[in-house]
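Colleague: As annotated in TrEMBL:
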DOMAIN    182-290  domain 'UBP-type'
BINDING   206, 209, 226, 239  Zn(2+) binding site
DOMAIN    331-865  domain 'USP'
ACT_SITE  340  active site, nucleophile
DOMAIN    653-694  domain 'UBA'
DOMAIN    728-768  domain 'UBA'
ACT_SITE  827  active site, proton acceptor
């Protein structure tokens, strides 16, 4: 291979000594990736460009961040880094040999980039070829690789380490979604025998024994065999492994795991679970259509539900010839393994103009002011995702077959269809125990998680999440004294209960249930599914009816009493998000879903739910706090104190990442530690405000002295500053209680009742659990998404939360649907109304919708109709 250094595409050749001398000034900036360094060699930090893209990918040899051709200059100007490794994958046409067979035309026979291949190209006619070279900025010197003999040893070692680095999205935690399965080396070249084997939809049994569970289908010859035996007696007799040893057929798929979203595949040769990018084709060889498959709760395929009523079929509009959509706003998103909930929510979010303007409209400013590591900046990743979905750059129609040869000769390949949100998911789910896993999640909970992050990372003067925010007026009435209390809270979702008692087809449901039980007892296939039909008006009526308040303490009676609570809209949002509460818990506490059909309206008017406030003739409940109950049992008191001490110490564990963020701004390290400590680890932004308020104090930069638990409590407000003239407790103490998971208004009430004594305030909360249940549960800003009923409390100063009030008339423009039996499994798709027609977003597939299943949705999006 010719080794040369090229300048602007020229042909000037340099000797080995010249190369070494050329690189000497840059040697201090070239690093060798160490364990723990994340190397982004497959995706640009600002776009979805990759080595597959026309301009390839530039990887910084110092920060190991990747940049596309449009963004490499930005990184060079900001950091001054000059040395980049340019990676490019080419699609090479095979040329016919003398015998008529295809011979590969190669420049480099090695595929060293961990990239997926384009399955649209025929592997018999084309092959992939990777290319790497060093590029020196700003003059764009190019040094082709490998140049082992000519390059300094450090440069060669750094290049090799970078090229062999593992994916930055892998973790040691096996439960993390980032522990990605790798595509099997056998998937692309798997030979399948044309032996006429067809796999039935049910009744599977191991061909060598009588086992009917833990069965594996060999993808070469279609043998159905049992899996391994486990020490606890479960599993199988190992016939699938024995078959591999006898035949060498490497891949098998577990029956009962096949869904439209994929299947569990195992490679006996590689001895690990793998991905099979061609699984749909391999299954079709044996007569299995993935779209017809779904997993039942017991792991077996629920195969007897007829296609015309199965929610998998109806929601995905299976069996219809859907026209693919391309261009701006019609970009699909790859499923990273149970990440369809994220895909569905983000498609809906970026169909909203306010989010488009906030992130895509401000894209140049966001990118220019992004931190040195843009992969760890929320607004950068939101702008990147928004541009990827809306630009049309990653949603171009496939080329016609007769043009492929001409395109390949010009060494261009068809543009990739859709984007892979790996970097976005890695950041947005970081530190979250559920969203960072590979498990299926609740789309509604992820929506709240996203809104929480948007609230905490403002972009511009207006926050786009303002369009969802509304005020709820809660009227609580003591049933005995008839006195009332009015309170307001912030919410982002209208949650509608499913009024099962209002089903319009009760007789059909009763008959179906009887037939189902008879079939189950006789071990026959179940009857055709009958789905409960619920009027939307009944759900709306159930939302507006009073609810009982458990353990209500009446300030009028100074005792516990019966109480009821009614919710109304104190304001109407610009965009109304409606959740149908289909998910519940069974008697065994296993989450399950109500399979119902709700006739959701295209036009919705909820003006009659406008709050009216205190009415004439109503008398308010006295503003009296419940008394402090001192327990008689000293052992109980000791247990409670131990619980709060543990919670308190955990809450005050200092977040070093926030400390370092503040220190990088130039503040003294000890002051940063105190700021994070006294604000209860609520993040660098809250700690920054503490620094601004206390930086004039004489002990501002003195070392932090953490007092004992009792000392903190006894010192009360003195530890955090005196109580204000308005009798409001210190914000730092409120933040500490909030960080333990309690509601803000409850924290303030407890501190007021105990003269801002922290330990007594915690005891007060513990002794008055009824107050916590009296209002909606609310978590702190960091963990609000963990509770489906949580309400994000927007802190916006004395003016109150920002709202966009208006009329209560709305029009439907999108909905997210769930298929499956619970939030722990299944699949999500999104339907959006664009340019006057409905479009289905099913991960990478974006098509014009023929029959949008509006009655089977889970989360609905309405926009306000202008008055």
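Glycine too: its Cβ is placed from the backbone N, Cα and C atoms.
Automatic, uncurated: that is what TrEMBL annotation is.
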Colleague: Run through 206, 209, 226, 239, 340 for me and report the recorded positions whose CA is within 10 Å of the CA of residue 827 (active site, proton acceptor), in sequence order.
Modeller: 340
Colleague: Give the residue counts of the domain 'UBP-type' (182-290) per reduced DSSP state, in the order helix, strand, coil.
Modeller: 16 helix, 23 strand, 70 coil
Colleague: Cβ within 8 angstroms of the Cβ centroid of 206, 209, 226, 239: which residues besides those meet this for the Zn(2+) site?
Modeller: 207, 208, 210, 211, 215, 225, 236, 237, 238, 240
Colleague: If you average per-residue pLDDT over the domain 'UBA' (653-694), what number do you get?
Modeller: 78
Colleague: Can you check which residue among the recorded positions 239, 827 has the largest number of Cβ atoms within 10 Å of its own?
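Modeller: Top count of Cβ atoms within 10 Å goes to 827.
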Colleague: Any idea what the Cα distance is from residue 340 (active site, nucleophile) over to residue 209 (Zn(2+) binding site), rounded to a whole Å?
Modeller: 38
Colleague: Drop a 10 Å sphere on every Cβ of the recorded positions 206, 209, 226, 340 and tell me which sphere holds the fewest other Cβ atoms.
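Modeller: Output over recorded positions 206, 209, 226, 340: least Cβ neighbours within 10 Å is 209.
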